[in-house]
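> So that we are looking at the same thing, I have put the structure below in structure tokens.
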Amino acid sequence: MSLQALYDVPAPAKLNLFLHVTGRRDDGYHLLQSVFALIDWADTLHFERRLDGRLVRHDLAAALPEDDLCLRAARLLQRESACPLGADISIDKDVPWGAGLGGGSSDAASTLLALNRLWGLHWSRERLLALGLQLGADVPFFVGGHNAWVEGIGERLTPIELAPRWWAVLKPAVAVPTVAIFGSPLLVRNTAAATISDFSANAVEFGHNDLQTPAMAYSDEVVQALALLQSRYGASRMSGSGSAVFAEAGTGESPTVAMMEAASLPPSWVGRMCRGLTVHPLALWAG
């Protein structure tokens with residue numbers, strides 16, 4: 001019997017444990033090295049199959065942008081597979097926008113994985129990865145299913161094992177425009193290439209985030225958030241192009257130092273204690 005619906009489909013966020021800009025291609029895309037680490041801060045998606053071929057998103061929150069990545073993913077898979085089916089899609093959004101946590105990219109990846117199953121397409125992970133790259137540089141990582149060493153513009157993924165850790169993640173109210181950060185004169189674009197063995201020797205303290213200095217110049221709130229975590233956990237770093245920042249909070253069954261209370265944070269800031277994931281919760285949804 002074919003599936004009629006898929007409910008409570010997770011779309012986990014990620015942290016960039018480091019992010020080095022190692023060059024720039026002739027087409028303007030920046031070349032990166034990073035480790036993407038999955039965390040249990042996640043959106044939740046729901047899908048119901050439609051027979052009329054329509055793709056409809058039913059969110060009661062803010063109006064959806066025309067280029068909504070989730071719908072773009074659904075349309076792309078529908079077109080490339082020539083599938084006559086459609087879907088009603090809704091998202092319980094928990095991962096904040098403009099955070100550098102990959103929330104939108106993860107939603108798109110979970111959409112590809114879910115509709116591949118709901119529509120009975122049986123596409124391989126490799127085919128879905130190729131679609132994901134058309135949607136954005138971070139999407140293939142979430143389709144891939146594992147923590148990864150990431151190179152190129154985000155398309156070269158090497159699965160790696162990461163020790164289970166707790167991460168304190170703090171999202172200030174500001175949204176940092178990615179275009180402004182990559183266009184900043186403060187951005188270093190020639191960081192020396194590293195190796196996985198370099199990272200593995202000291203996974204928590206290795207490297208830096210080349211986007212952090214431009215983001216700090218753009219927003220005092222990023223500076224404040226980094227300082228707040230550093231005072232509590234001893235070190236802090238920004239994820240992606242921001243504005244979320246994070247710090248290691250222990251490796252045991254519970255965090256070594258708890259997350260600060262929401263009442264102690266500036267207005268509209270969001271703090272979350274997150275557990276690192278060893279694999280994506282949908283890792284078995286594609287071959």
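Cβ from N, Cα, C; glycine included.
Just lifted these from Swiss-Prot, have a look:
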type: ACT_SITE; residues: K14; note: active site
type: ACT_SITE; residues: D138; note: active site
type: BINDING; residues: P96, W97, G98, A99, G100, L101, G102, G103, G104, S105, S106; note: ATP binding site
> Report the same-chain neighbours of G100 (ATP binding site): residues 6+ apart in sequence with Cβ closer than 8 Å to its Cβ, ordered by sequence.
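N16, V176, M238, S239, G240, S241, G242, S243, A244 - these are the non-local Cβ neighbours of G100 (ATP binding site), listed in sequence order.
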> In which DSSP state, out of helix, strand and coil, do we find G104 (ATP binding site)?
helix
> Taking the Cβ of K14 (active site) as reference, which residues of that chain separated by at least 6 in sequence fall under 8 Å from it?
F36, A37, L38, I39, L101, G102, S106, D138, F141, F142, S239
> Output, ordered by sequence, the same-chain residues six or more apart from P96 (ATP binding site) with a CB under 8 Å from its CB, or 'none'.
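Those within reach of P96 (ATP binding site), by Cβ under 8 Å and sequence separation of 6 or more, are G103, K171, A244, V270.
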> When a 10 Å sphere is centred on the Cβ of G102 (ATP binding site), how many other Cβ atoms does it contain?
27
> Which entry in the list of binding-site residues, G98, G104, has its Cβ near the fewest other Cβ atoms, using 10 Å as the limit?
G98
> Relative to the Cβ position of D138 (active site), how many further Cβ atoms are located within 10 Å?
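Its Cβ shell of radius 10 Å holds 25 other Cβ atoms.
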> Determine which residues of the same chain, besides P96, W97, G98, A99, G100, L101, G102, G103, G104, S105, S106, have their CB within 8 A of the center of the CB atoms at the recorded ATP site, and list them by sequence.
A13, V95, G240, A244
> Around S106 (ATP binding site), how many other C-beta atoms are within 10 angstroms of its C-beta?
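There are 29 of them.
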> According to DSSP, does P96 (ATP binding site) sit in a helix, a strand, or coil?
coil
